[in-house]
Amino acid sequence: MKDLLNLFNQQRQTLDFDAIKIALASPDLIRSWSFGEVKKPETINYRTFKPERDGLFCAAIFGPVKDYECLCGKYKRMKHRGVVCEKCGTEVTLAKVRRERMGHIDLASPVAHIWFLKSLPSRIGLMLDMTLRDIERVLYFEAYVVTEPGLTALERRQLLTEEQYLQARQEHGDDFDAAMGAEAVYELLRTIDLQSEMTRLREEIAATGSETKLKRLTKRIKLIEAFLESGNRPEWMVMTVLPVLPPDLRPLVPLDGGRFATSDLNDLYRRVINRNNRLRRLLELSAPDIIVRNEKRMLQESVDALLDNGRRGRAITGTNKRPLKSLADMIKGKQGRFRQNLLGKRVDYSGRSVIVVGPYLRLHQCGLPKKMALELFKPFVFAKLQRRGLATTIKAAKKLVEREEAEVWDILEEVIREHPVMLNRAPTLHRLGIQAFEPVLIEGKAIQLHPLVCTAFNADFDGDQMAVHVPLSLEAQLEARALMMSTNNILSPANGEPIIVPSQDVVLGLYYMTRSLENKKGEGMAFANIAEVKRAYDNRVVELHARVKVRITEVVTDEDGNKQNKTSIVDTTIGRALLAEILPEGLPFALANTELTKKNISRLINSSYRQLGLKDTVVFADKLMYTGFAYATRAGVSIGIDDMLIPDEKKGILTEAEAEVLEIQEQYQSGLVTAGERYNKVVDIWSRTNERIAKAMMDTIGTEKVVNAKGETIDQKSMNSLYIMADSGARGSQAQIRQLAGMRGLMARPDGSIIETPIKANFREGLNVQEYFNSTHGARKGLADTALKTANSGYLTRRLVDVAQDVVITEVDCGTTEGLIMTPIVEGGDVVEPLKDRVLGRVVAEDVFLPGNDEDPIVTRNTLLDEAWVAKLEDAGVQTIKVRSTISCESAFGVCSRCYGRDLARGHLVNIGEAVGVIAAQSIGEPGTQLTMRTFHIGGAASRAAAVDNITVKTTGSVKFSNLKSVEHANGSLVAVSRSGEISVLDAHGRERERYKLPYGATITSKDGDAIKAGQTVANWDPHNHPIVSEVAGFIRFIDFVDGITVIEKTDELTGLASREITDPKRRGTQAKDLRPIVRIVDAKGNDLSIPGTDLPAQYLLPPRSIVNLQDGAAVGVGDVVAKIPQEASKTRDITGGLPRVADLFEARKPKDPAVLAERSGIISFGKDTKGKQRLIIKDTDGSEHEELIPKYRQVIVFEGEHVTKGETIVDGEPSPQDILRLLGVEPLAAYLVKEIQDVYRLQGVKINDKHIEVITRQMLRKVEITDQGSSKFLNGEQVERQRVIEENARLAARNELPAHFDPVLLGITKASLATESFISAASFQETTRVLTEAAVRGTSDNLRGLKENVIVGRLIPAGTGLAYHSNRRRGASGLTESEMQTLAGTPAAVEAPVVEAEAEQASED
């Protein structure tokens, strides 16, 4: 028995480790693993099924086939344990050792390891400084390589063909050594002196000036450094001994009929052994060189195939033409070891079945079929049957259960009571896809699911299936109950809003119940209390929708937090009064005294959660559901064809539109508009028409005429079934109703362009053949899109999870003072997202002061902003707040609670150990399937609003300019001469209410600080022309204006005025190639004037197609227009939307034609153009210049003499995130990414909290590039984890040495995942071969910090409850006793007490 215990303890010893290291295996190491050499290719004797001696399954090498029994049967049973049979050589032990004992093959000739040879960049190639092509020629015996030049003129590593070799041999005899094949490469690698090579390279780096050379040298230095540090030897990349996998990992299974199913590896090994043995024999016979060479090459190829089949040449195929699965294929890809077995496992104690609705369940319950429950809880039932004495042995218990005796069901009830089970619906896109419930036993075979959790699971009852899992250990049950119970997951982790919200028929019922209608039975009655209302309704004295007065008593909390009763008489309806019955105490009736649409119900549950807490809300949600179902049944809403009312105006509107289209067609035929304009205008007309019809239809369906109590006929909201469904938010939308009863409208072709003939009919009228055909186009594409979308969205989620998986909350406060400055998001004058929504649940980074009061802050640093605080700030009129953000968090690993802020799913500051990275990834990835897949072609109305030509304010207040550079015109108005200028309207409190961009050349009619009224116009401009404005007064002088060459004179037929148009330089011919038409402004004497504040001459280079209306010598004043450039109706450019856009942003891809940003602040001027480019110069204040060459086809939007600030756009386009980071820094980049990604989601109506996007951005920015290495060990241009540089710099600072300087680098999520410190995590993500090769050469250690690595090695993850376990484990390593360790780990020794202890410790740490 003692031996047995020793055996168990022995196995336990290996379990505890802190890191995993990967390195190259030396031949000695491989031999030390091995239990013997495999000499024969035989596998098993197909008659006796016994393994052959010395073969691939040999029992002497790998261990016995049966437990404690040798092959020949001489020794059997436990008592001979450890004996080696002298007859068959087998050790008597467990057969399980055949899974762990390895063998080896001694290769007759060295073989290069294909991974280090072919996986790019080739490590052997870098080490030898030879090209892969050359090494392959040597390895595959096409050329000789000089290994030792001796005193000859040959170079080491020089290649010689057969002829050159023979010639050299004749010349020099034996003075030099040259060889071919892997031996030569082995020799070259063995003789490298790493240390001196290193020194030589460092000197070369210092001396070289060429970029490409530097790159190559840096790569080599890194590789050699890696070898030196890891203790690997270069020659180990060429193998002399090949390890053989344990046989049970490459099984050979006899099938019936004398055939065998075998693992491909056996074929590959057999090939290697055959060739190796043949080569050995040939060498012993000293066969001719050419034969030996061929055999060596074949050996090399067979080892290549074994390690990584198909990487070089054609893959070796098996009997059925399918490539054999090599060792590398075993670990990579979705079916490989990592993703199939280590990251995803099949679990015991689980079952699955179809789900049906369980409308009588409480929120924390689910219905579990009895049969299923009995099977799942079998061991528990057995144990209890034994304990009760109903069965003496497990066997007897089993019989009882199989017979399904009556007492079994009673015991099952007891076992199941308060034992939660977990339900999961695939695909699990976010953490709410698995939740815990208490099972309720039901008859039947389907699982019953509570309707309110359907949103979270994204489940419906059209045949969906769900899986059930049983948490077995006490800790698991505890976590399931405390963390995963459906009642603890009321709020969505993505946006902090309730996710347990009624939908569909519940909403319909509640909406029907709370509608109010004119002149219903009982209108105007007054009731003393709700009970009286109920009696009146039950006795049919009143109708549900009648407007009545009711005396209602509510519980309100006063300032001091005391509860008081408040009674008031409320105007309400019968239905709403009945609803008041189920309102929890403390929730004001006013919230329910409205029409309960889905939005209002969500608001109701939200307020309940914030004001009353979890328990009351859960009860309330259940009651709402029951009530909703009851009244939906009473309402009996159904729709018929007559509910789809077609508006009478439809005919007239269509006739008008057709007339307009005809008119444009005529204009086109008489040549007044181009084909493109005609198409755009037609599409515009039809879009507008569609909107008008839709509006008319909604008015028709949504209102009805009724007679009120006074006998007057009035309009009221109708009770049309179709309308109430859409209005309540239960089902259907205005767009869908429009197609049913309005007109179907314009259809898109599969490529996204719009068919200009709309479908004028709706579904009620029916479509004709042509209309039907037109509509199939888009419909079919929709289906194809959906299929693609799901895959794309899943892949995005996977990349996001991978990049952020190791972001965990590790400490309470990192102490940083940095943060992001938050302002409301304003677009085109509308506040899209107010400040309160953006800062809710964030921690303040700096004290917030009111304007004009710098003494006492309104909010102090480190305050968590909850609903009350946010309201306070809103009232005080605060416009900008600096909040903490994960992007600026300074925690070494993970992030701190304060930088993250509120845990959205719980509503309080986030706990230590919360895996915020994974939550962020899920929150962004989960709605991915709702995003569109398409690229929008912006043409026609699809999205182009009418040209805006002025700014009219919507609110009364005062004007504020920001970033505005303007000049004052002679008539007193201001003219904007900058591009980044903005104008905002402030209310009485100084809060910004609206903000607008001011284009260059806009005329501004009010001054900074002026008071204005709503509806007043503050600025206007010409939308069709881009002006060039003079900033000085003087006289015009034309330069390089040559009629017919650089300018063409035109006379307007109507006005008779002459104007000049600048021609396109491409059409000017050679004599004019140096002419640059410029308008210069001079004083009365003809001297050049300069632009105010600079020494640049006041001159304006005119781009092609600009028009000059002034004559040479004409006088101009400040702010006058010198020339104007006509703007073509905005070019239709493709806008990538939806999922591809989100993916592009997260992958930090550079846009196709990126915007050019100013590299520094200064004054713009233009230099001499080259052939296809224009030269733009920015001259800064100290006179230094920066040049930018810009292709001619790109539109430069700045003019000569204009002042730009660093990072401002000078050429239109989509800015590249890398440029934003480089020129403006991390915070503007974060703001840009957040804004762009949110825009995509907002368009689909998906709410995601900013902080999730920030967490991912933090991970994209975790690398930095060394710009100056200082005294550090880093190399210039190297990319390093930011944390490593900071630690190194701290060390250097302590020794008074030079720190390394660095710039932040933005990596896309795929790149960032592969660049992570943990090689296990990277290898299990993508490019497994490359990652492992790199890691092995470096001798990398994986410290198992992230979640993924720990899942793979099978430990608790360092997040949540696992974080406490790991910190205790580390503490144990530093001096706790074994028993204390067991206690903390919560081993079954004493289950209940230690859990509490560990929890208490966790709490004290917090």
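Heads up, the Cβ atoms here are built off N, Cα and C, so glycines get one too.
Neighbour density for Cys70 (Zn(2+) 1 binding site): within 10 A of its CB lie 25 other CB atoms from the protein chains shown. Per Swiss-Prot, Zn(2+) 1 binding site is recorded for Cys70, Cys72, Cys85, Cys88.
What Swiss-Prot records for Asp460, Asp462, Asp464 is Mg(2+) binding site, and it gives sequence analysis as the kind of evidence. Taking Cβ-Cβ distances under 8 Å and a sequence gap of 6 or more within the same chain, the neighbours of Asp460 (Mg(2+) binding site) are Cys454. Taken residue by residue with DSSP, Asp460 (Mg(2+) binding site) is part of neither helix nor strand, so it is coil.
For Cys814 (Zn(2+) 2 binding site), the same-chain residues 6+ apart in sequence whose C-beta sits under 8 angstroms from its C-beta are Cys889, Glu890, Ser891, Val895, Cys896, Arg898, Cys899. Under the heading Zn(2+) 2 binding site, Swiss-Prot lists Cys814, Cys889, Cys896, Cys899, citing sequence analysis as support.
Within the same chain, residues at least six positions away from Asp464 (Mg(2+) binding site) with a Cβ under 8 Å of its Cβ are Val354, Ile355, Arg425.
With the fewest other C-beta atoms within 10 Å around its C-beta, Cys72 stands out among the binding-site residues Cys72, Cys85, Cys88, Cys889, Cys896. If you measure from the Cα atom of Asp462 (Mg(2+) binding site) to that of Cys85 (Zn(2+) 1 binding site), you get 64 Å. Within 10 Å of the C-beta of Asp462 (Mg(2+) binding site) there are 5 other C-beta atoms, taking all protein chains into account. In sequence order, Ile355, Ala459, Phe461, Gly463 are the residues of the same chain, not among Asp460, Asp462, Asp464, whose CB sits within 8 A of the CB centroid for the Mg(2+) site. Secondary structure at Cys896 (Zn(2+) 2 binding site), taken from DSSP and collapsed to helix, strand or coil, is strand. Cys899 (Zn(2+) 2 binding site) has a Cβ environment of 29 other Cβ atoms inside 10 Å.
The DSSP secondary structure for Cys72 (Zn(2+) 1 binding site) is coil.
In sequence order, Glu811, Asp813, Thr816, Arg884, Thr886, Ser888, Glu890, Ser891, Val895, Ser897, Arg898, Tyr900 are the same-chain residues whose CB sits within 8 A of the CB centroid of Cys814, Cys889, Cys896, Cys899, the residues recorded for Zn(2+) 2 being left out. Taking the centroid of the Cβ atoms of Cys70, Cys72, Cys85, Cys88 as the Zn(2+) 1 site, the other same-chain residues with Cβ within 8 Å of it are Ala59, Leu71, Gly73, Lys74, Tyr75, Glu86, Lys87, Gly89, Thr90.
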